[in-house]
Amino acid sequence: MGSIREPLHLVVIGGGLAGLSAAIATRLEGHRCTLLEKAPEFNEVGAGLQLTPNSTRLLRRWGVLDKLRSKAGIPTQLTVRRYDGSKVLSRADGWDETMQSQYDAPFWDMHRADLQAAMVARARHLGVDVRTGAEVESIDTDGVAVILAGTRERLQGDVVLAADGLWSRTRAALFPDLGTAPQPTGDLAYRIILRLENLQHDPELAAWVAKPTVNFWVGADAHAVAYSVRGGSELNLVLLCPDDLPEGCARAQADLEEMRARFQGWDPLLCRFLDNVKTVEKWRLMHMPSLPKWNHESGYFTMAGDSCHPMLPYLAQGANSAMEDGAVLGRLLGSIHEASRIPDVLAVYQEIRKVRVEKIAKQALKQRYNFHMPDGPLQEARDEAMTTHQQREEEYASQWTCPIMQPWLYGYDAIAVADSAVANTKL
C-alpha cells in the first residue's frame, strides 16, 4: 500500500494580488496555504486597473472571472488622441470582441477593490487560511518560518512567499545587502474616480461613462487615460505628469486648481471631466532597479509582484504580471510533494518569470517615451506613423495595438508555460 502524501505548506506574506494569486493557485494544486495580511481587514482601497487576457484566463481557471462580470467595464473601443483632442491617432473598434476572439479571454476594466474582494472570497472558499491583522515581525530563514508581531506566534512553512509590495520589509530582510529601496521616477499620477450619478448634468460626459471604452490623450511630458469600471457606473481617470511632490512624500492630497492648470489647453472634453472632480490625491511613481535574484540562498524563500519587480503603469501590467507570478508558482509547486525539491521549483520559477517581467518593465518605459513626446519632429513622425498605420516593420508607438507586443503580452499562458517547464526540467 502506498503512503499518503502530505501536502506542502506555503506561507504568503501580503494579501495583494500576487499573494492571493499564489494562494489560490497553490490550493488548487492540493497544497496548504496560509496568507498573512497586516491590515485589520481588506478595505476598499485603490482605484481602477485593467485586466488583460493574460490574467483573465487565469481568473477564469480559478473560478473568479464570472463573479466579476457585473463589476467590470467591458470596453468596446480603444482610442489614442492628441492631448488637445485635435486628432485621433489610433482607434480600435470592437475591442471587446477582438480580445475575446484573438486570445480566448476578455479585456476588462475593474476597480481593484472588487477584484481583491472576489479573490479573497475564492481563497477562503478553497480553504486558504486567510489571516488579517497578521503582521510579520521577523523571518527565520534557517527554519523556514515567520514570527508574527504582537502574539509572537511562530508559523512554520515549507516555503515562504514575500508578496508584501513595493516597500517590502521581507525583501529587505532576505537581501539586506542589495540596497533595494524604491526610487522616484520623476513622474506622478493623479488618480480620480467619477460617479455616473454625479455627471447627469452633462449628457455627453455621462454617455462616455455609461458606454465603456478606453481613451488615452498623449502630450508633452504627460498623458491621461480614462476607462469605465463597475458596469459603467464609474469612470477611472488617471493623469500622469512630472513629479512635484516634496522629497520624502509619496502621496498627498492635491490642489484641484493646480491639477486643472497643469492640463489647461488639453481636450475640452477631458477638461470638463476635470471640472467635475471634487477631491483628488497625487501619487509619486516609484521604481526599483532589477534585482539580481528573487530566491534566498536557503532555497525556501522567494518573492512575487511588486516586492521583486515593480513596474510603471504605462502598459497596465503590474497587476496582470503579479497574477502570472502566482499562477506559475502555484502550478510548479503542484508538480512536487517533497519539501526537499522546493529549491529546484523556486529556481525554475525565477528563471521563468524574471526574464518576462524585466522585459515588460522595459517596454513600459518605451511606452512612456512614446506617449510623453513634446511637440516637434519626433512627435510629428509618431503621429504620422500611427494615423497611417505605417509601422509594420517595428513596434508600434502604441503597444496596446502593436502586432508584435500585444500578442506577446496578452497571449501569455502562465499555466502552459509552467507545465512546459515541468516537462522540460523533469521536476
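A Cβ is built for glycine as well, from the same backbone N, Cα and C atoms used for every other residue.
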Checking Swiss-Prot, the member of Asp96, Asp306 that binds FAD with Glu37, Arg112, Ala319 is Asp306
Within 10 angstroms of the C-beta of Ala319 (FAD binding site), what count of other C-beta atoms is obtained when all protein chains are considered?
25
Sequence gap of 6 or more, Cβ distance under 8 Å: name the residues on the same chain that satisfy this around Arg112 (FAD binding site), in order along the sequence.
Val45, Gly46, Ala47, Gly48, Leu49, Ala319
Of Glu37, Asp306, which of the binding-site residues has the most Cβ neighbours inside 10 Å?
Asp306
Between the Cα atoms of Asn54 (N-linked glycosylation site) and Glu37 (FAD binding site), find the distance and write it as a whole number of Å.
26
